[in-house]
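Here is the structure we will look at.
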């Protein structure tokens, strides 16, 4: 009882010495809301429950409402109600039962539980009971002889015990309590059959006398108080022969004993107890039940002969004469199953069953029998008493023919007893022992179709399993009929298991396994197509090794092997040139065809389309000025601009962009010319790499006093790659020592032959400073452009090229655009390469804002999403959706192109080095070499060639004998080169120019020193290596679990440990983990480092499997200067 006047169900049951279910049943009848034995109720509700239980059980002699025990009042009412019915309807005296001799079987050992219960009995006159068989025999004798008392019955049992049962061949008796000696339960079938025959004769010749007198009831009640009396009730009417001979399994068992074996007797010859099952009491003396004379299936007694024990199930009492059921002795029909031949409907809910089902009680387990058996006159029992009059008439008919079938009913003799489902004694949905009896009925109907063995471990199953492995395992698969469901097929289970296994297997597939599987699939696919192609087409004159292998239907390893034998080391991603591809393909017998593609320098998109033909007009030419740095290119451009701009604007000219437009009067007509300042400008190089054709005419400026220089030759190659006409301007003709003819001679060696020499190249001698022949040069440019027939359509969406682009802090991405066709207007949506833009503003070369720009007009435009790439082509689209789609496709192509460039052949050339160096993908050292004599230059160049060039390339821009001049300074400043002088001097003004342009000049007199410094400079361009430096070593001496991880308690043996350093865990001389030291603590404080001789805690986020004895090696990575590798 709690402080708050609340009491729990289990406390109340303990106070009343009842079970929890008794209290719960009483609470349900009183409509008190309780859920389980731990529910709390008020003290008033507890009083109501006590009053209800006291009314039902004034003497409190019954333990449980649902327990099958013998009750005083009920037995009295049975005799009062049933005696007239039996005597009137049967017309046979009940005293004939006195002729039967009782059968007494002495138990081997008296269980201690009986002793304990006997001390608690309410009847003090009978404290010592020899065994349960005596009590039951006494009870039987009392029913048959009303004039005798209990002591006389006891003596009669002892004296009248038949000798066949006392024979040593008979099995020991099993008491109500849990059996101790299991092995003695085995019986012989012959002895049980002899007993059955003897019993049959006695039973058929005698008619049981029903008790009608009160004294008999008193004697019975006195005997009832013993715990052994909890058993099947005794039939109190004469058995009537039942024509149904097939369903008498229980009756056969009953007639194997003499009439002296009465209910309550534990002696059951030839019948072992079921292991793991509780012996259920029989219904002897219950209201509404008959006295089953001669039925050996009693609570606590050995079960039927020849019937193995059932593991996991309690022994059920026999159901003969129970209310709601016939005397089903050996009847295989079970509730809920089809009835046997000649049997009425036994199913729950049937008419007959409904009439006789109210007096059934649940069986009692051995543990429950150890407590006091208390009277409980429940409503269920009262209902059973009222229905007994009808039961007494029909039930005996089931007993008559039992003895004839018992010896031969071997299969049916193994059928366990069953009970009819009782609606009044058990609530629907509750699992009871009756449910398992229903299953027994279902299985016994078709014995050949038995369920699979399922051994259910019971309370008493520990030592009985070996004795009862036969019947129980074969017959029982589940305990409750309410839980019975068809078993899932093995095939379905196996399929589902396989599916789960496959699914888990896929989940556990590692990256390496997946790669291996894909490689195997690819190999199988390639093996399936081993047919060589007739020919392969090589686009863009290059293919990677993998692409070539795919085209030849070979493995990439075959291509690499072929290249290796040719002295070429390649990888699957390395690009191969056309010559190498042809060599490899011919080895495998496949010809190579070059794809009909325009050369790289030509434009990939034609600016003039077929729709523009009707609206074409002449457009101004685009002129590119190229040449060496010191050959007067800038002076020439300045002269052209100054001569064609009004004198009022001359002083305020500021070139904002790399392209500008000038007007020139030719043949009384004003002509516009667009000049592109490309020499030294990165835009021209980017456009050549992109393969675009921007310029219409290339002007090559060559100094008359210096002749052709390396950059002059490079400019010639640029113009030829772009396939544009070249106009040569021989500058500085006014300077002393100028020789235009020598320049023509040098150019003729490069296949540029002047017109006056019979060639087709226009060469004009000019002087930018003196402004000589400037007009003639412009006229030649116009003549050449007229021959080219340059046209465009201004009435269409604009197309053009990005000259240059940069990111402005205030304006954002800014691009210089050259319109080549159409008209560009503000608000147009355009795609420049892989960049989307919408024109927000445009300005010309003078900084004036304009709204539109026609063909060959350079403008500076704003409104791009990001900075476009110089050399990309742009095009205006009608809507943003279309432009965005085009941009996405170009972005994909751009990535592929960049990848191809990265995987290009590693053969080093001047142009490829320049391109990669500009992109920051290659370390490059630019040099300008000047020496005293040509022999020194050649020697130095030969030594530089021997330096390692795998990681850093040496590019000598200029190597010549002579002194270091200002021209060399200018070249070094433009290219970011270092000037190296060997036994030479500086020209006048060179030192000043070098300081002004911040150019590094190195002078040497010994070649070895020169080579050493150059090698050190090359190594300085290399990124330093990360080298492992050891910090210390610690040993794990303890581990601590913290949350999901673990902390290692360590002792620093050498060096020190630092937080966030790298560590390596070594166990059994093997490295099991390598990562970072994330947590370092000294006692409870976070520390940065712990030195030798101290203890600390080490934690790693990605490792927690610490084991005592692990060794932790701490280290860190430091940078180390790299050296050149061969």
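Cβ coordinates are placed from backbone N, Cα and C, and glycine is handled just like the others.
Per Swiss-Prot, the listed range annotated as region 'G2' is 652-656 (candidates: 642-646, 647-651, 652-656). Listed ranges 673-676, 677-680, 681-684, 685-688; the one Swiss-Prot annotates as region 'G3' is 677-680.
Looking at the region 'G1' (627-634) alone, the prediction's average pLDDT is 74. The number of other CB atoms found within 10 A of the CB of residue 633 (GTP binding site), across every protein chain shown, is 26. Remark: secondary structure over the region 'G4' (731-734) totals 0 helix, 1 strand, 3 coil, with classes taken from DSSP. Here the region 'G1' (627-634) has, by DSSP, the following mix of helix, strand and coil residues: 2 helix, 1 strand, 5 coil.
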